[in-house]
Structure formats: structure tokens, C-alpha cells
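Below: one structure, written as C-alpha cells.
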Amino acid sequence: MPIKVIDQLPAVEALSAENVFVMTESRAQSQDIRPLKIAILNLMPNKIATEVQLLRLLANSPLQVDVDLLRIDDHVSKNTPPSHLNCFYRYFSEVQQQKYDGLIITGAPLGLVDYEDVTYWNQFGDILRWADNNVTSTLFLCWAAHAALYQYYGLQREIRGQKLSGVYWQQVTQPLCPLVRGFDDEFLVPHSRYAQVPKQKYQQHDDLHILAEADVTGAYLLQNSSGSRVFVTGHPEYDLTTLDEEYQRDIATGATPKLPENYYRNNDPLQGPQKLWQSHAFLLFSNWLNYYVYQATPFELQQIGRSA
């Protein structure tokens, strides 16, 4: 949240130079405040678990957030009861005339499926085009990040020789960017994916900025210049046991998955996992809500996209 100070306080200029948001008294007196309107397009199989993960992170803010849960039209979820979806979710077609301060699009277990073979690929593209004119900032997670990078910039992912699964150190590359404010120079985050985009492909686009990365994972956190698109190639929202559940699920299918790296105590599944990424997850979502949604969105929702 911003701090409010007297207009002429000398510290205002110094703090502003550090990208610290300071609200002068005169601006505060004229500021209108309303709840933030956030939509979540939940593409994960276990939608209920994903809801808990994301809402936990969104709730870690003094800002009031009104959430709409969205689903793809004409797509049948196999792992979530229809009664739950009918009660708590809205189809995209029901909200496409509305505007939102923020949109979160989750990952999906489609890492080995060609984009054009995804059953809802066309509507996924429609949603991205709608978001550009009707959402202040969109946060893409894991598969959705790579899929959006392909839709927006034509960046084709490359399939890895082995699935990337585990908890990995990331290095901040743009420490003055508001989205990484308060991040440690290095931090841990879970990854669970089959693909990545080579760094040199990102560097061909002046509108894309890598904010955190690692050699083993590639780019983890990116954004466009305006902050209206934020791409997260990992899973900071994951619960303590999510990687273990995925690992056990893969074993049950007859696969021979690699043990998730840096995840179990002493790399022993019998000793259980340890959660080393929670503070990063809370800070990432708080920064996104504050700097890229709250401070960037107009008071009147209908003004979103007017200047685009």
C-alpha cells in the first residue's frame, strides 16, 4: 500500500526516485477507492485445490478484492463436480462484456499437447484479445504463460528431454522493477513443466523483460513494458504437497518420473517435503495486486482499455 505524506516533504522526491510509491496528501484527498475486481480463469484439473491456493495469496492484502471464477465455454471438466462448477463458476461468454482490474489464468496439464490441438485453443485466444482491452493487468501461470507468449509474440516452446520438477533457485535480474520489490536476490519457487522458451527468443522482443531467471529453469518471471501482461513460468501458488501428489500420480500411471529436485527433506520422499517458497508467493501476488492492478487501474471500470 502507498504511504501518505505532506506534499512538500523532501523525502517524497528521494523515495519516488527509488520507485517507492508515495501518495501526497492532496492526491489522497481526491482519491476514490473501490474493491478490486479480479477474474480467475481456472484451467487446472483440480479446480477446488487451485481456488484455495490462489485465493489464499490474493487475501494477503489490505485491499478488498471481489473475485469471479471463470471457465471455458463448451469444455467439460473431468475432475471437478458439475455441481461445484455450476454453483461457483461463470462461463467466459457470460462476462465478456464486463471489465476487470485483474485477470489470473492458471496452468493446465497440456505441456506435451500442441497448442493448436488444445480443444479450447480458439477461445483461449479470444480471451487474451478480450483481456487486452478489458483488463488492466493479466497474470499468466505456467502453461498459460507459455501459451500466451506464443499467442502474443509467436514464441514457440521447446520440449525438454525430461520434465522439470522441483524447487529451484531464481535470480532477480531487474531489482528496480516494482513487481520484484522486496524479493531476495535469490529465492526458491516450484516448477513442474515439460517445456521452456530459450532466452534468446525473449531477447528478440523489446517489449518483453525478464525479471527473474535461472540456468536450469530458464526465465521464470517476465512482463511486458506496461505491466499489463505478467508471465510466471513456475508455480509459486503450489501447496506443500502439490509436487508430491503429481509425482505419485505419475508413478501410478506406470511412468518413471524423476524425483522432484530440492523438494523432499534430504531428497527422501519418506521424510516429506518442505515449503521454502511461501514468502515469495505472497510477495509476488501482493506486488502484482498493488503496483500493477490497484495503482494502474482507473476508478471507473468502464475506463479500462480506453487509452489502449
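The backbone N, Cα and C atoms fix where each Cβ goes, and this holds for glycine too.
The substrate site in TrEMBL is built from Ser192, Arg249 plus one of Lys78, Lys99, Lys163, namely Lys163. Report note: the substrate site is defined by Lys163, Ser192, Arg249, and the residues of the same chain whose CB lies within 8 Å of the CB centroid of those residues, excluding them, are Ser165, Leu243, Glu246, Tyr247, Asp250, Pro257.
In this structure, of the recorded positions Lys163, His235, Arg249, the smallest number of CB atoms within 10 A of the CB marks Arg249. Here is what falls inside 10 Å of the CA of Ser192 (substrate binding site) among the active-site residues Cys142, His235, Glu237: Cys142, His235. The secondary structure of Cys142 (active site, acyl-thioester intermediate), as reduced to three states from DSSP, is coil rather than helix or strand. Around the Cβ of Cys142 (active site, acyl-thioester intermediate), the same chain contributes Thr106, Gly107, Ala108, Ser192, Arg193, Val232, Thr233, Gly234, His235, each under 8 angstroms and 6 or more positions distant in sequence. Here Gly111 (site 'Important for acyl-CoA specificity') is compared against the recorded positions Lys163, Glu237, Arg249, and the shortest C-alpha distance is to Lys163.
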